[in-house]
């Protein structure tokens, strides 16, 4: 009888915690690695974690968190103190990120306002395939499943990734600045990204690639979906 009471108490406590998190506006992100290699996941906020194939890292965003971004790092080595480096996506040589990652890196971006806004971004280039899956089945689940590294133009290639034209050439046209801020059409380079991943943000003014979902939705971010 005592065992039954104990189980009932644990179930009630778990439910209470879950309800409290929902009421408090906590948004949960499950970061999953389905790649056939290790990915060092990174998040702002969140920090970072090594994910071997099949592993998941959960990040809970506190109520009032206006925005977040997540990405995967590859080719990393870290010492026992969490210091090291990554071939792509490195964030100041730290396992637990407190600054944005080095380009190129595929990004999952999230903004909280009157509702949730999110996108898969290739504006900073590409390193690994990525998808965002909302728990709300009525919301779009954008993905970039292609290996853009395989079709990357030589002038954009770096070890382990494919840079954006803005990062490489730094011109107003490619970066949608100054005279191009209000009228910035796609370029031959951004079209390569768009053709490979139609649901992803291919350059700074590719606004059709932003998606919305009701507040209170949780998400999974999948590397190599």
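From the backbone N, Cα and C atoms, a Cβ is placed for every residue, glycine too.
Because the structure is a prediction, the values reported are computed rather than measured.
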Tell me which of 122-133, 134-145, 146-157 corresponds to the region 'IgE-binding' entry in Swiss-Prot. 146-157
Out of 93-105, 106-118, 158-170, let me know the one Swiss-Prot marks region 'IgE-binding'. 158-170
Rounded to a whole angstrom, what is the C-alpha distance between residue 35 (disulfide bond) and residue 144 (disulfide bond)? 13
Cβ contacts of residue 184 (disulfide bond) (under 8 Å, same chain, 6 or more positions away): 173, 176, 203, 204, 205
Please indicate, using numbers and ranges, the residues of the same chain that are 6 or more beyond the region 'IgE-binding' (158-170) and have a C-beta under 8 Å from a C-beta there. 74-75, 87-88, 103-105, 122-127, 148-149, 152, 176, 187, 189-190, 193, 203-204
Cα proximity to residue 162 (disulfide bond), best match among disulfide-bonded residues 76, 97, 144: 144
